[in-house]
Structures are given as structure tokens and as C-alpha cells.
């Protein structure tokens, strides 16, 4: 037991379970924190400066929540939810994208979308203007501009500019009245029908793409907030990982639920290395805690148990780990009925050991409303938390319970022996144990031979006989 306490850095306190003995940050002579950690320092050097052994006591960590190294932050999911992945060497990529042209046009950036929107109309106007000009040119209308007796295919087309104006008026059914087709040229009637149908299709497609892009639920995720850091602390006697989510809009997310995934390297039994293996993190889907009523900011709790990927991670091991904890919040947008998804992630350096989130909801007596202060949304406070892993803490608890059980068994054994070999002050009469104290205290100490034990013996043949024995 003593060896386990020395290894984990905790000592049992009667009535309080396990509590860490953590001193405050050590100040230098100039009044500043001891931050002499450099990139070349090893963890042993860091531990020698920031740990001390108390006399007959455990190791004391001075700065358990500080991160020991500043590595290059490589992450798959950015804080804003964007995915840090580039796809290369995809065969027939353009053909596949063109096969789903609508989704492609919705997914592209706004500048390209607006450029395609404008070019679709401008190109169609120019193409049909050229067709109208060729019809008039082939019919000879341009050679008889001043001949009032000449029957034209399209009235008032004198140049390419007038043909362009007629194309715009036809495609969008403006109809100013000065330019119009006649029954002289059947091809002009066919072209007018084609352009009218094309104009309706083009306008519906372009308007639909812009509307779909504007109403995408992806933008609704911009008002869903995740805390900058996650925390590990004890809650209800168990080690837990916490992070906070919130919604800044008054229109709520319906059927909101959250799930977590830990991404890290895994080596199979056959020796295969899976660099981005996904470990499921239980956020309460068994008892319904993953379904949220997201009217105010909510703290999501992951209980670190034996099936958790954080089970064997301690405060000392946290900075060495290479993983990414991805959290996903999904729900239905109340105003549109579409499903939205918000994402964020936490690296080991963004998980604070021994912290919990600060309270941000207060009740205003003036107006009788609850006020949420989002300026404290990311704030955390320090709490007493064991520095060992959840596994080591569970083993220590089990060892303490076994020790308590052994002590209880020993006490029970002593009580049973006392009943088996009673004191001479105990008199047993007819199966009932009674206490027979002497009348005089002085007599009990001066003349102990006067204390007698009477025992009633029953006999089947002779009846009852009373025997008296002097001690």
C-alpha cells in the first residue's frame, strides 16, 4: 500500500477518499513563475525541478497542469470544423465531379459560384444573339435596312447589338414591343421556342444553386460553440473528461446529440500499423446523456472507465501521447428542418489536467431571467485531482477496500473468540448470557475468590441438580 501511494503521489485521507497533495506554483526570487523549461530539457530534468519528496510522504507535483513540450500541432480537424485533408491521384476525378454537377456547383466557393452564375447568362445571351444575327444575315435583312417593303425575319434587328438586345428580351420574356419575329422565317420561330425553354431551365438551375448554397445548414454550425480546452478531473468519485458546447442563437437545435472519436495510431496483432484508427469515446449514449437540450451551454462528460481510451493515461503521460479527440455535434435546424453538423477537436496539449469549467449562468433578480455570460465560456478553474491514471486510481481504491475488508474480518474473528471464551464475570444461566457484577467494588478487587459462577445442569434421569464452583 505504501509503495502504491508513493508511486501515484497521493495519500489516503480518512473520510475524504484520495486527494492529491499539490502545492501552488513555485515563485522565483523576482516573483515570477519558474518557467526555465527549454526544448532541450528532458522530462527527468523537468521533474527534478518541479517535484519534491516530502519527509515520509509522497512526491509533490508543483505544476501538474502545465504542458511540458511545444510540438508542432498536427491535427485532422481544425477548431472551426474544417478537415485538414488533401486528396491526390484520383482517377477520373473531373468526370466524377461533372456527373454530380449540382453538388459540385453547391460545394465550390462563392466567387466561383457567382462567376458561373453570371457567365451562364452572358454566354447564353451572346450565343443566341449570334444565332439571331446569322438568321437575319442569311435572309438578307441587313442588306435592306431602309427598304420598308422588305419582309424581315425579325423586325428592328440592324446589327449584332440589336440582336443581343432581342436575345435578352426573348430569354427573359421582357418584350419591349419594338423587336419581334414574323412568320417569314420558320427557323426564327424554332429558335425562339428553344431560347424560351432554355431561359427557364437556366434561370431555375442557377437560382436553385444559389438558394441551396445560401440555405445550407453548414453555416448554422458557425453559431455553435465548443470550448477551446477540454478538462480532466474527478466528478462523483470518477475520473472524467469534460468539454463544453453552446449555441448562441435563440432558434434552437432540435434532437441535438453529440459523439466523440479518438484518432490515434494502432498496431494490430499481425503487426499492421493503422495510423488513423478511430476509437469510439462513450459520451453517454447508453443512458441517453449524449442527447442534449441545447438551450444553454452544456458540459459534456466522458466517464473514464476500463473501456475508455483514456483509461491508462496519467497527467505525466498526457504530454507524450499523440492523439486527437474529435467531437461531433449534430441536430436539426429549427428554422429550416435540415440536419447540421458542427465539429471540433482537442490535442493532448489542449486537455487541462486538474481543471473544471467555470460557472457562467446567473439569475437576475431585477428582471427574473437567467443570464449566460459567454465571456466565461472557455474559462476553467483548478480543482484537486489525482495525477495518476484512472486505472491506477481504481487499483488503489481496490487495494484500500481489500485492506478494509481484511481488518473487518479480523475484528469479526476477535469477537467470535470473545464469545467462545467468555470472561469470568459472565454467568450463563439456562442459555441466556447475563452480567453478574459484585456489589462492592472494593470486594471485587480484594477478594476475587468470592466471585462465583453458577451453572445449571439438566439431567434426564435424576432431574435438575445445582452445582456450585468456587473460582
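Every residue gets a Cβ built from N, Cα and C, even glycine.
No curator has checked TrEMBL annotations; they are predicted automatically.
Taken from TrEMBL, the feature region 'Disordered' applies to 1-40 (among others).
With DSSP classes pooled into helix, strand and coil, the tally for the domain 'Potassium channel inwardly rectifying transmembrane' (77-217) is 89 helix, 4 strand, 48 coil. Annotation comment: TrEMBL describes 77-217 as domain 'Potassium channel inwardly rectifying transmembrane'.
What TrEMBL records for 114-135 (among others) is transmembrane segment.
Residues or ranges marked as transmembrane segment in TrEMBL: 188-212 (among others). Beyond the transmembrane segment (188-212), the same-chain residues lying 6 or more positions past its ends with a Cβ under 8 Å from any Cβ of the stretch are 102, 105-106, 113, 116-117, 120-121, 124, 128, 131-132, 135, 153-154, 167, 170-173, 181-182.
When pLDDT is averaged over the domain 'Inward rectifier potassium channel C-terminal' (224-396), the result is 91. Residues or ranges marked as domain 'Inward rectifier potassium channel C-terminal' by TrEMBL: 224-396.
According to TrEMBL, the feature region 'Disordered' maps to 431-471 (among others).
For 444-460, the entry in TrEMBL reads compositional bias 'Polar residues'.
Sequence annotations record features per position, and here TrEMBL assigns compositional bias 'Basic and acidic residues' to 461-471.
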